[in-house]
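Asker: Here it is: the structure, laid out below.
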Amino acid sequence: MAYTFQLGLQDATSPIMEELTNFHDHTLMIVFLISSLVLYVISLMLTTKLTHTNTMDAQEVETIWTILPAVILILIALPSLRILYMMDEINNPVLTVKTMGHQWYWSYEYTDYEDLCFDSYMIPTNDLKPGELRLLEVDNRVVLPMELPIRMLISSEDVLHSWAVPSLGLKTDAIPGRLNQATVTSNRPGLFYGQCSEICGSNHSFMPIVLEMVPLKHFENWSASMI
């Protein structure tokens, strides 16, 4: 989860988020090099009085500033496309969970089980226990097995919502009448927090998401107790 005055990304908990973090660092390095080059050229223009008044054309310079941006765009586009395909691909999920956005709560249905569904509301500030997080705790957490591919089917009952868990690299729009999907895979157990990331009305800020990733045996015990 995010902390006060945090400048970087949240710790990656899924393979997708690790790839996104690496892509961020890769792109940031390219942007830093371009910015340094531009600042260097500007500083030369401001500190020197050297001019070349006889230059009518510069084929070499024109070739360089045509090819170099194309190469830079390719260096950014190829890793980006690779990650996009990775995020869209779901191979043999062990579990499917359907998520529906409402004003202003989430409902979840474990489609592989006959009658395992519940609503998830934010816990009001006055009802929080010591150590719990304001505006982030819910009455029913989404319990999922760790280290296994899980398919999330996401939609909405009313207006646009967005189901997002940053540490897992997840952000999928919940659109009425349309079913979007995302892959959830956690490398370690723990609680992972998210929120609705699409303005959906007056209580938009009160739609937290809490995923509880546990070992498979614990998940089986939990699902048996819920049915």
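Even glycines carry a Cβ here, placed using N, Cα and C.
Per Swiss-Prot, topological domain 'Mitochondrial intermembrane' is recorded for 1-14, 88-227, and the stated evidence type is similarity to another entry. Among the features that Swiss-Prot reports, transmembrane segment is placed at 15-45, 60-87, with the record citing similarity to another entry. The topological domain 'Mitochondrial matrix' feature in Swiss-Prot is assigned to 46-59. The Cu cation A1 binding site feature in Swiss-Prot is assigned to H161, C196, C200, M207. What Swiss-Prot lists as Cu cation A2 binding site is C196, E198, C200, H204. The annotation Mg(2+) binding site is assigned in Swiss-Prot to E198.
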Asker: State the Cα to Cα distance, in Å, between H161 (Cu cation A1 binding site) and E198 (Cu cation A2 binding site), rounded to an integer.
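Answerer: Roughly 5 Å, rounded to the nearest whole number.
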Asker: Taking just the CA atoms, what is the gap between H204 (Cu cation A2 binding site) and C196 (Cu cation A1 binding site) in Å?
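Answerer: Cα-Cα distance, H204 (Cu cation A2 binding site) to C196 (Cu cation A1 binding site): 7 Å.
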Asker: With DSSP assignments reduced to helix, strand and coil, which class does H204 (Cu cation A2 binding site) get?
Answerer: helix
Asker: Let me spell it out: take the transmembrane segment (60-87), skip the flanking residues so only those 6+ beyond its ends count, and list any with a Cβ under 8 Å from a Cβ in it.
Answerer: 15-16, 19-20, 23, 26-27, 30, 34, 169, 182-183
Asker: Which chain neighbours of the Cu cation A1 site, leaving out H161, C196, C200, M207, have a Cβ atom within 8 Å of the mean position of the site's Cβ atoms?
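Answerer: Counting only non-site residues, the set is G101, Q103, W104, W106, S162, A174, Q195, S197, E198, G201, H204.
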Asker: I need the least crowded one of these binding-site residues (H161, H204), counting other C-beta atoms within 10 angstroms of each C-beta.
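Answerer: Each of the binding-site residues H161, H204 was scored; lowest Cβ tally within 10 Å is H204.
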Asker: Under 8 Å between C-beta atoms and at least six apart in sequence, can you list the same-chain neighbours of M207 (Cu cation A1 binding site), or say none if there are none?
Answerer: G101, W104, Y105, W106, M122, H161, Q195, C196, C200
